[in-house]
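Residues or ranges marked as NAD(+) binding site in TrEMBL: Gly14, Gly15, Gly16, Val17, Met18, Gly19, Asp37, Glu93, Lys98, Ser120, Asn144, Lys275. The domain '3-hydroxyacyl-CoA dehydrogenase NAD binding' annotation in TrEMBL covers 10-184. Annotation source TrEMBL lists domain '3-hydroxyacyl-CoA dehydrogenase C-terminal' at 187-283. Taken from TrEMBL, the feature site 'Important for catalytic activity' covers His141.
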Amino acid sequence: MTDRHEQHRLAVIGGGVMGTNIAALALGHGVDVTLVDVDEPTLATARTAIRRKLKHAQLLEALPAGRAHGTLATTTAPADIADATAVVEAVVEVAEVKREVLTEVSGLVAPGTLLISNTSCIPIDEMAGWVARGDELVGVHFMNPAYLITMVEVIRGRATGDATMTAVTSLLTALGRTALVVNDAPGFVVNRLLHPLINRAAMLVQEGVASAETVDGLLEGCLGHTTGPLRTADLIGIDNLVDSLRVLHERTGDPECDPCELMLRKVRDGHHGRKSGRGFYTYG
Ligand code: NAI
């Protein structure tokens, strides 16, 4: 695997919250991006979201000044990513879906192509068995919004090779990100801590102990959290959180990770957070 970040052509699979975040980050750093999703309407929404995110990032001076943006291609045909030098998988947090996507992608790209999963919780070691070359797979947990938060959590699986670690470091440097590397485990570090906290915060609302505003207000005001757990839940997407909590619960047995009834009800009612206009809060 060579250090080719200057000419990286990034393929991003999944045009939802994180796929559009990661695409905007790469485009803003001059990297060409091919974004793949299963349906065209999602891609149309994604193109608008990416333009908005690029403007937002520019406004906040979060992108390198004076650098020409990369070009964006969108497609529903995974075969269009065959010439990618790096692939970021950002589809839903459901192991069966990720397995299908990663198996297909790893059969399409050339050996030496960096394979990145942006999974929240699924162990990289589990995914390594789904791809043709497990040593080329690494976890990169981009935060949301990826174009504003410069720190990322990199997950090195047991099979992840040294060349892959070098290549991912070089790509992340080209994207202006700083990485902290952790070993593999369900939820890694950030979500093993964050997801049970959000679940417990939702449980307090469910039990009538306090409103969402009060729970968030206390953690923000007393503990210095920049964003309270339920505002964070709305940003992440409550549907994604429930999927992630299930992954954690199945793999750790930790009862704190069993998604609470209030979150399950919000998903059933379509109240997924910011992306649907309503979650713990309502958005205009
Ligand atoms: P999302 O639900 O917003 O987007 C997922 C996208 O994947 C959808 O557009 C869907 O159409 C697409 N998709 C589903 N199956 C597909 C397939 N076979 N091929 C191509 N596209 C397919 O989900 P979100 O929030 O963007 O999450 C994506 C991944 O990133 C998940 O693994 C999640 O756990 C992780 N993540 C999410 C964060 C967040 O704040 N939402 C933060 C960090 C990681």
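Each residue, glycine too, has its Cβ placed from N, Cα and C.
Mapped onto this structure are the features recorded in TrEMBL.
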| residue | record | Cβ contacts under 8 Å, 6 or more apart |
| --- | --- | --- |
| Gly14 | NAD(+) binding site | Val36, Asp37, Glu89, Ala90, Val91, Val92, Val101 |
| Gly16 | NAD(+) binding site | Asp37, Thr42, Ala46, Ala90, Val91, Val92, Gly237, Lys275 |
| Met18 | NAD(+) binding site | Ala90, Asn118, Phe142, Asn144, Ala146 |
| Lys98 | NAD(+) binding site | Glu89, Val91, Val92, Ser117, Thr119, Ile122, Met127, Trp130 |
| His141 | site 'Important for catalytic activity' | Asn118, Thr119, Ser120, Val152, Glu153, Val154, Ile155, Phe188, Val190, Asn191 |
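Other Cβ atoms within 10 Å of the Cβ of Asn144 (NAD(+) binding site), summed over all protein chains shown, number 16. Each residue in the domain '3-hydroxyacyl-CoA dehydrogenase C-terminal' (187-283) gets a DSSP state, and the totals come to 66 helix, 3 strand, 28 coil. Under the DSSP three-state reduction, Gly16 (NAD(+) binding site) is assigned to coil, being neither helix nor strand. Mean model confidence of the domain '3-hydroxyacyl-CoA dehydrogenase NAD binding' (10-184) amounts to 97 (pLDDT, 0 to 100 scale). In the three-state DSSP assignment, the secondary structure recorded for His141 (site 'Important for catalytic activity') is strand. Across the residues annotated as binding NAD(+) (Gly14, Gly15, Gly16, Val17, Met18, Gly19, Asp37, Glu93, Lys98, Ser120, Asn144, Lys275), the two Cα atoms farthest apart lie 22 Å from each other.
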